[in-house]
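Residues annotated as NAD(+) binding site in TrEMBL: G11, A12, G13, Y14, V15, G16, D36, R41, E98, C209, F210, Q211, K212, R279. Annotation source TrEMBL lists substrate binding site at 94-98, 153-157, R193, 200-206, 271-272, R375. What TrEMBL lists as active site, nucleophile is C209. As annotated by TrEMBL, domain 'UDP-glucose/GDP-mannose dehydrogenase C-terminal' applies to 265-380.
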Amino acid sequence: MFEIKKICCIGAGYVGGPTCSVIAHMCPEIRVTVVDINESRINAWNSPTLPIYEPGLKEVVESCRGKNLFFSTNIDDAIKEADLVFISVLSNPEFLAEGTAIKDLKNPDRVLIGGDETPEGQRAVQALCAVYEHWVPREKILTTNTWSSELSKLTANAFLAQRISSINSISALCEATGADVEEVATAIGMDQRIGNKFLKASVGFGGSCFQKDVLNLVYLCEALNLPEVARYWQQVIDMNDYQRRRFASRIIDSLFNTVTDKKIAILGFAFKKDTGDTRESSSIYISKYLMDEGAHLHIYDPKVPREQIVVDLSHPGVSKDDQVARLVTISKDPYEACDGAHAVVICTEWDMFKELDYERIHKKMLKPAFIFDGRRVLDGLHNELQTIGFQIETIGKKVSSKRIPYAPSGEIPKFSLQDMPNKKPRV
């Protein structure tokens, strides 16, 4: 069987970088070269400060960089010398979750390899299997044809996104009835047929994969004349958009139907904790809706650089003219962001937000002081926060009947719950 000694990976982003770093780490006899046309990104991979944040990634890279792991802009030579080129040779979809990518790569649920059903295609499949067999048990390595492999990737993310949209739809019903969506999720999650994963109600899913893969599924269905199937999966995206608009509407309604010229602290800008990735982050959309209403946003995230926040909010589909310059301030810590604010909005579930000194924060805020918890990170602190004096609004639950009541108006002051966001990802 053909033995792979040199691998080239095209693309040094959130997938290529970590994936090939772990391959190099687990296969010291294989030379792995990651190439990209972005010179600054490659320079960052070769520096002490990596271009992406992922727990455990820095240690893996430093253990083999310069030995059998190399980052380069010399794409042509790397391809010529490689025995295997990731992306262009085989279908080897990744099933990584940002924040746990290194753990997922070292101990995957499965590795999926798709290839042509020709002698050459099958030899390539077996050669790649041999690479993964350095650390993955053979029974966890699945081989399929190319279409099955690619559709498995799209379907996996579509099912996960569907679960999030499903529980988010129930969160709206819980707020209307007095139920607690966390209690509902726990109850249904104990049913072994359902399971308890991806039943966390929130302000909506983000990241590069869920929306992109669901929309790819929608596109395929439309192209193959399956309109009913396309509409079914489109509803997953529509519900996610609705949840974001609904949360922004709740903020505006609770703040007496206007946020114009009010300071609002946005805690968290990454699409989830333990990553600096902001692609399709719900924070972007919440910020857009609040900026459209004239709110002054003070944003803090422990891992997202100031420049990235400004770029995301300056997208033509998110803001207009000088909105970002006028209305957005990037804060160096959460206390600075909350100083003098009318409300605190938690958009990312960073653990540090559970440990803040909320008494200190309340003293510096304008009164009445509101907390809008879009990630349910403060569930165990509600009594303490109410004693301090906060008015609390959270996803899928009425916290207390004693608070200043939130009464949905059924109509948004300046934007509609039915309006689709202007920023649309490319399919």
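Cβ atoms are placed via backbone N, Cα and C, with glycine included.
Note: F210 (NAD(+) binding site) has non-local neighbours N157, L160, A161, I164, E280, i.e. same-chain residues 6+ apart with C-beta under 8 A of its own C-beta. Nothing from the binding-site residues A97, A201, F271 places its Cα within 10 Å of the Cα belonging to K212 (NAD(+) binding site).
Summarising the environment of N157 (substrate binding site), the number of other Cβ atoms within 10 Å of its Cβ, over all protein chains shown, is 22.
Break the domain 'UDP-glucose/GDP-mannose dehydrogenase C-terminal' (265-380) down by DSSP state and the numbers are 42 helix, 19 strand, 55 coil.
Taking Cβ-Cβ distances under 8 Å and a sequence separation of 6 or more, the neighbours of E98 (NAD(+) binding site) in its chain are Y14, E54, G207, F271, K272, D274, T275, D277.
Residues within less than 8 Å, Cβ to Cβ, of G204 (substrate binding site) and separated from it by at least 6 positions along the same chain comprise I164, N168, N240, D241, Q243, R244, F247, S282, Y285. For the pair C209 (active site, nucleophile) and A201 (substrate binding site), the C-alpha distance works out to 19 angstrom. Same-chain residues at least 6 positions away in sequence with a Cβ under 8 Å from that of G13 (NAD(+) binding site) are, in sequence order, D36, R41, I52.
Between the CA atoms of A201 (substrate binding site) and G11 (NAD(+) binding site) there is a gap of 33 Å.
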